[in-house]
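A.B. asks: Pulled these features from TrEMBL for this protein:
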- B:63-454: domain 'Ammonium transporter AmtB-like' (DOMAIN)
- B:12-31: transmembrane segment (TRANSMEM)
- B:66-85: transmembrane segment (TRANSMEM)
- B:97-116: transmembrane segment (TRANSMEM)
- B:155-173: transmembrane segment (TRANSMEM)
- B:185-205: transmembrane segment (TRANSMEM)
- B:217-236: transmembrane segment (TRANSMEM)
- B:252-273: transmembrane segment (TRANSMEM)
- B:309-327: transmembrane segment (TRANSMEM)
- B:348-366: transmembrane segment (TRANSMEM)
- B:414-439: transmembrane segment (TRANSMEM)
Amino acid sequence: MYSVSGKQQVCQLFFVQVILIVLMGALITYGPEADANSLKKHGQSGDHGWKHVKKPDTNPLQIYPMYQDVHMMIWIGFGFLMTFLRRYGQSGMGLTFLLGAILIQVAMVCEGAMNFRIGTAASLSLRSLLNADIAVATPLISMGALLGKTTYMQLVFMGIFELIMFSVNKYVGEHVFMAVDAGDTMFVHVFGAYFGLAVSFVLGIKDKPTKHNLEGASYNSDIFAMIGTVFLWLFWPSFNSATLEGDDQQRAIINTLLSISSSCVMAFATSALVSSDSKFNMVHVQNSTLAGGVAIGTAAGMMCKPVGALAIGGLAGVLSVLGYKYLTPLIRKYLRIHDTCGVHNLHGIPGVLGALFGALMAGLATEDSYDYSLYEIFPARAPDTEEKLAEMRDNYGISAGLDRTAMEQASYQLIVLAITIAMAIVSGLITGILMRVLVCGSISEEQKFDDKIHWELEEEIVQKPPIKLDTISSDSDPLSMEDI
Amino acid sequence: MYSVSGKQQVCQLFFVQVILIVLMGALITYGPEADANSLKKHGQSGDHGWKHVKKPDTNPLQIYPMYQDVHMMIWIGFGFLMTFLRRYGQSGMGLTFLLGAILIQVAMVCEGAMNFRIGTAASLSLRSLLNADIAVATPLISMGALLGKTTYMQLVFMGIFELIMFSVNKYVGEHVFMAVDAGDTMFVHVFGAYFGLAVSFVLGIKDKPTKHNLEGASYNSDIFAMIGTVFLWLFWPSFNSATLEGDDQQRAIINTLLSISSSCVMAFATSALVSSDSKFNMVHVQNSTLAGGVAIGTAAGMMCKPVGALAIGGLAGVLSVLGYKYLTPLIRKYLRIHDTCGVHNLHGIPGVLGALFGALMAGLATEDSYDYSLYEIFPARAPDTEEKLAEMRDNYGISAGLDRTAMEQASYQLIVLAITIAMAIVSGLITGILMRVLVCGSISEEQKFDDKIHWELEEEIVQKPPIKLDTISSDSDPLSMEDI
Amino acid sequence: MYSVSGKQQVCQLFFVQVILIVLMGALITYGPEADANSLKKHGQSGDHGWKHVKKPDTNPLQIYPMYQDVHMMIWIGFGFLMTFLRRYGQSGMGLTFLLGAILIQVAMVCEGAMNFRIGTAASLSLRSLLNADIAVATPLISMGALLGKTTYMQLVFMGIFELIMFSVNKYVGEHVFMAVDAGDTMFVHVFGAYFGLAVSFVLGIKDKPTKHNLEGASYNSDIFAMIGTVFLWLFWPSFNSATLEGDDQQRAIINTLLSISSSCVMAFATSALVSSDSKFNMVHVQNSTLAGGVAIGTAAGMMCKPVGALAIGGLAGVLSVLGYKYLTPLIRKYLRIHDTCGVHNLHGIPGVLGALFGALMAGLATEDSYDYSLYEIFPARAPDTEEKLAEMRDNYGISAGLDRTAMEQASYQLIVLAITIAMAIVSGLITGILMRVLVCGSISEEQKFDDKIHWELEEEIVQKPPIKLDTISSDSDPLSMEDI
């Protein structure tokens, strides 16, 4: 591992942003809906009076409120959720802010590059902004496994590499294997969790993770973190439904709300059940309450019935708390994987559960219960022969598919889950090795979980070595103690 | 009162969620807009190309941004508003989170049951999610009167019973007496406040409420609470207008914004007026600034003119602060009702004021000022005879009403207010007695307003008996003091 | 300077609200979209079944989610951004709350009065609520320069006077000189910043500003302030695009997101670059990350290309941090202007940069790149002769303009920038003098940056003179220390 100065990291940060500006300049342009000129060329009709815009079928602005919900999830949700450490709140919030701002640009470039590959123009629209936000959730999940143990440039590097692999994996899953994953349970949550755990494994391989002095919450940091939790909880229905349309979208909203409500209650109950005094634990409440949002993701738009959504959400809440209580210590002890935020319990386990549930629902899906929208939700199940397709295409706009059976679709769902996990672990291991080798610095054991490594803190008091309290009164402002 | 262990409470919590899953499975299904299959059956036309969905008159997703505003009010608004106590912030936030997640499910089941009674299917749509959120506000208001004085299962039990009574009362008020209450001033605010006060009366009947050591704010808890206040303040226009349409909805947004702005200014001014040093008081600012949202609720969609909205909001702000200053101590002393958050001053007094204002506006409503929308806003005033109705029905979709006069409508508004108060008090008293008798635990005087009763707190320091500060420096991490 | 008691200030506050109620009653009514009656009169067709409302071309409610985004920016964004001072958080939040609630009413009256001048009715609609929120941002920016140094009535007085001048300046810029400023970079940010600095200059003229004991952040206050920063950052795309339509609006959203992302990254990098240890500085992160939103404002709807948006945002981020680091101390030392929040660096410099960028883009705008929407974005460039206009008017609804060339439009943009700065400085100086002379109180040097001047604080401890820590343990509750 090379030792690099802070100045070098700063230069790397400037370099990344400059490269992004250059790439955007070379690759990306406005989409037709946002381009003054191309709209005119395509919309020559002009027969409706003053409106020169040829209206698309749905108002493009309809997506914007949902986009802003997801936007809040990424920065307010993830950002504040990561303030739970008592001396790492400014980094938790601040690095999410920085990382998110870089990585949405990276995600746009990646989407542009992927689209370029499949032949259409690399152009920006509200939908691509939404896709960028969703993509960025992936490295932020991985960051949760590493919180407090890396430099910011290590995270930036990881994020860039992860987004590239994320794009490839999602392309393979969605377009090659035609798996369905409305809420990105596999592509975002499972991938992000196992990628982050793999990186954490590599980073912790030399020094066995030990319980650190600063690795814990304070009374106020726990309340700050609840800001993140609740915003994530509130807007998860938007996250799972934003890319859907029509009745699928309504159903995804309802299913997600039910699932995440059930996981909230079950997480509280399980938390009290496994504690010695039947009390709630803040770590569980901050995280496991959200497990239902992950678990319903793949099946969000499917006809799983309200009771199905409640059941899977409740199960996810239970498993997530049990994971925090029993699995995390084992993973730490035997696999030497340290998982600061417990992303395995919030995104890993519920993600796998959700992918399995999605496969189950896909295996149960019949034209009887879905009617023609079966072929909208599972495009690969649409007939591939002209005669059977004709009426559906004319009446409902169904495109030709692969004529898959329900069982086949379920199998492909499982295959994509396996591929996602494998891809996440392998690319995470490689990324972790590169993060140790590359010149983006590293954090020593003593510097972990401490804001002062990243921030010019105002208070002198925390930058001094341990002091006796009764000496504070003489050499410092008496206010400084209370104000912290 | 039975003594119950924490384990029993946990089992009760699991039991409630399981029952909810069973009830949902038995009673509730997707509404047509969210159902892949029933949409097909009803929308056979399919003559508009690929869109298979028979479009309803308005886009069902239009309600979603407003729903999310209300969603934020319930969890961020109520949740953070209840963090104002210095050592009960985690419970204030956490119990709102838990209670809300259970009670939206209860509210859906109640709505399903009520709809079942009146003959339509018990089905979920975005509108029923919105109704569930609005309903849940009621027990959360009541919780404000009890904050820090109950176990979580007492609150859950209270919430379930209260939502049943709420549903009955709202059904009677809206469908039997045909009162208008756009912003649910009577059905939510008045009902929630007097129900909570009645419960608090019962719980405090044995031990006279005394000023508790921990019943107060800290510097940071007051700022956390302001998160709640401001989110409630910002989204109140959505709360009061979400169930309306067309010009009524626009008017409700405008009226609510004006009223709540005026109440904010007047609450600040009155707060400074009644204090000894002309300073503002955080309790008033956190609560009374919102009184205008309550007070305009019933009349939100009516033609009360901008000046009317400003006047009623200002008056509510003044009365609310005066209530905190002068009435709360009297109620506490003479009626032995302890009201932790002062819900009587934020929801009770402004709610009654708002109901009276709504009755006044109903009494002044003429076809001259409302034109045909008079019969949309006040359906009971629509003619009941065929000849007078025909043209309006054909042109504007007005249904037959009860041919009420303005005075009659005003009288029914007042009757519904009286019924609501009576129902709230009686059912609150019964609920309070049941809460003492039932095996859902209780909180002793020493345990009040203290997070450690519900939470595994990280810091040992707060769980110790009073200690001298100079002993801390020797037996604990010097950081622990600052971090709290 | 007159000495005024707190009671006098309270009376002034009541007086202002009463005057506002009277003025609203005299001047303002519901707009046609929100008026039950006038809708009927204008919409007599009634040929579409039950819907009696003559639908406007676009759904008026479409603006509401964006309005709520801006609403959150004003109260949550500005409010929490101003909590960064360690002992002035309640005032930062609370005075933003109070000031905003008064000033949206003032802004509505001002808009009503301006509209009255130009001949249309003074009526309220969702658009006028949005305009009021945007207008209120101006005095809140000025407040940033004065934070902690004034009484609340001084701020109220300043805000009223500033909104009047703001309305005049915006009218002149938009309607007389026909400058384009979609995101109000000139009208809101530049005006607000220089107005505030001018007031601060007058207030500081007698006592040279000195570094104050309480003028700094604490660990938690810095995290509270990040709530404000992130909400502002998230919703800036809504702020810059809310008043636009069609492809212009989409483009403004995309441009603003790119610009503010780039400024976020560049502000972080520059912050680390100029610090001694390559660490980030919270002041920079809280403010300069937002500079890209200001800098893209004028050109938000223009065809500046994604790369242009990224470049201008990045440049703004760099300049803003450099301003905090090097320019603010100079301005303080040589011009005696104290700028508490550094509004010159967040709104002043990026605002001027944005106005120049807007002029550049206006100078480069051709019909080739914009097609007919050139005349929608720059109405003054539309032809003024009948023959050239006819086809465009019929097909695209373009109105007659002034037949300006690109260079002429660019020049007018620069002229309006110069007028805005001049108007802000002159009216700010006058307002500052009036604020010292008028009977709205003043703050002494010792009272600065201290919440206890405005608030009845719960904790006695902070109101005592400096005490030795070891005496606390004996004469106060041991909890009180931790709770603060």
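Glycine residues also receive a Cβ, built from the backbone N, Cα and C atoms like all the rest.
A quick note: this is a predicted structure, and the numbers were derived from the prediction, not measured.
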A.B. asks: Taking a Cβ cut-off under 8 Å, which residues six or more beyond the ends of the transmembrane segment (B:348-366) line up next to it in the same chain?
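C.D. replies: For the transmembrane segment (B:348-366), the list is 180-181, 183, 185-186, 189-190, 193-194, 197, 263, 291-292, 294-299, 302-304, 308, 312, 315-316, 319-320, 323, 327, 374, 377-378, 381, 406-407, 409-411, 413-414, 416-417, 420-421.
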A.B. asks: Looking only at residues six or more beyond either end of the transmembrane segment (B:217-236), which have a C-beta under 8 A from one in the stretch?
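C.D. replies: Same-chain residues near the transmembrane segment (B:217-236) but 6 or more away: 69-70, 72-73, 76-86, 89, 256, 260, 264, 282-283, 285-287, 289-290, 293.
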A.B. asks: Would the transmembrane segment (B:97-116) count as touching the transmembrane segment (B:66-85), i.e. at least 3 C-beta pairs under 8 angstroms with sequence separation of 6+?
C.D. replies: yes
A.B. asks: For the transmembrane segment (B:97-116), which recorded stretch in the set B:155-173, B:185-205, B:252-273, B:309-327 gives the largest number of Cβ pairs separated by under 8 Å?
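C.D. replies: So the stretch in question is B:155-173.
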A.B. asks: Is the transmembrane segment (B:185-205) in contact with the transmembrane segment (B:414-439), using at least 3 Cβ pairs under 8 Å (sequence separation of 6 or more) as the test?
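C.D. replies: In this chain the transmembrane segment (B:414-439) contacts the transmembrane segment (B:185-205) - 3 or more Cβ pairs sit under 8 Å.
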A.B. asks: Below 8 angstroms Cβ to Cβ, which residues of this chain, lying six or more residues outside the transmembrane segment (B:155-173), approach it?
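C.D. replies: Same-chain residues near the transmembrane segment (B:155-173) but 6 or more away: 12-13, 16, 95, 98-99, 102-103, 106-107, 110-111, 113-114, 135-136, 138-139, 142-143, 146, 179, 181, 186-188, 191-192, 195, 199, 416, 419-420, 423-424, 427-428, 431, 434-435, 438, 440.
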A.B. asks: Same chain, outside the transmembrane segment (B:252-273) by at least 6, Cβ under 8 Å from its Cβ: which residues?
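C.D. replies: For the transmembrane segment (B:252-273), the nonlocal Cβ contacts are 182-183, 233, 236-241, 244, 279-281, 284-285, 288-293, 295-297, 299-302, 304, 306, 308-318, 320-322, 350.
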A.B. asks: In the same chain, which residue numbers or ranges, 6 or more beyond the ends of the transmembrane segment (B:12-31), come under 8 angstroms Cβ to Cβ?
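C.D. replies: Sequence-remote neighbours of the transmembrane segment (B:12-31) are 38, 102, 105-106, 108-109, 112-113, 116, 121-125, 128, 152-153, 156, 160, 439-440.
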